[in-house]
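See structure below.
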Amino acid sequence: MRLSPLLPLITLASLTLATPVPIPNPIIEHDDLDIRDLLEARQVTCRSVHVLFARGTAETPTLGEVVGPGFRDNLIKVLPSSRTLSFAGISYAASYLGYLQGGDKEGAKTMATAAANIAKSCPSAKIFLSGYSQGAQVVHLAAAQLASSVQSRINGVITFGDPYVKRALPGAMENRRKTFCNDGDKICEGLPLVTDPHMNYKSSWDPAARWVAFRV
């Protein structure tokens, strides 16, 4: 699914309006190429807030449909106007086999590398890891790969429909964690059954965004 740009186009006509036109918080869209840029520390463009998000199994790259776009859009609405945002979708296979194997290893490596490079290149940035369904597995695997110095830079971990909801995160990240699991979501119970509750996390978009905004 191709994402439409969210940065406003300010026309000459709008400049003549008597009432000032509010400008939404700036956001930097990330596609696969931008994710690859995050894997090179020298190419990282720093923002106030960096969110690394992994989509669920079989979802459209790179943000998916169930959580990613809605979470991002709500975060744009609630972030302080002084903050800039990078919301990057992790590029990985998101195959059913990957879920059955406990999460995609390459996706986890990509997320961990990107987080480490942001931490190195952007000392004042707030960094968040997030994922839905198998993407939550990717978050857990990535967190385990981070050096303690990078773990301490992670300001929060947000998962949705998390198969590993009962597993602790390493180090201080366990105390900076927010998990959303709907009643009746069998994936959260560790069962490979996709039910309606697993496919509907719309009600979690806003509280997740506000949880992040409170920490920046």
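The backbone N, Cα and C atoms fix where each Cβ goes, glycine too.
The active site, nucleophile annotation in TrEMBL covers Ser133. Per TrEMBL, active site is recorded for Asp185. What TrEMBL lists as active site, proton donor/acceptor is His198. Marked as disulfide bond by TrEMBL: Cys46-Cys122, Cys181-Cys188. Summarising the annotation, TrEMBL assigns signal peptide to 1-18.
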Cβ neighbour count (10 Å, all chains) around Asp185 (active site) is 25
Neighbouring recorded positions, C-alpha within 10 angstroms of Ser133 (active site, nucleophile) - of Cys46, Cys122, His198: His198
Considering Cα atoms only, can you say which of Cys46, Cys122, Cys181, Asp185, Cys188 is the nearest neighbour of His198 (active site, proton donor/acceptor) among these recorded positions? Asp185
Protein Cβ atoms within 10 Å of Cys122 (disulfide bond), excluding its own: 19
Can you check which residues sit near Cys181 (disulfide bond), meaning Cβ under 8 Å from its Cβ, same chain, 6 or more apart in sequence, and list them in order? Phe160, Gly161, Asp162, Val165, Cys188
Using Cα coordinates, what distance in whole Å links Cys122 (disulfide bond) and Asp185 (active site)? 37
Which residue among the recorded positions Cys46, Ser133, Cys188, His198 has the fewest other Cβ atoms within 10 Å of its Cβ, if you could check? Cys46
For the C-alpha pair, I'd like the distance in angstrom between the residue listed as 'active site' and Cys46 (disulfide bond), rounded off. 36
Could you say whether, by DSSP, His198 (active site, proton donor/acceptor) belongs to a helix, a strand or a coil region? helix
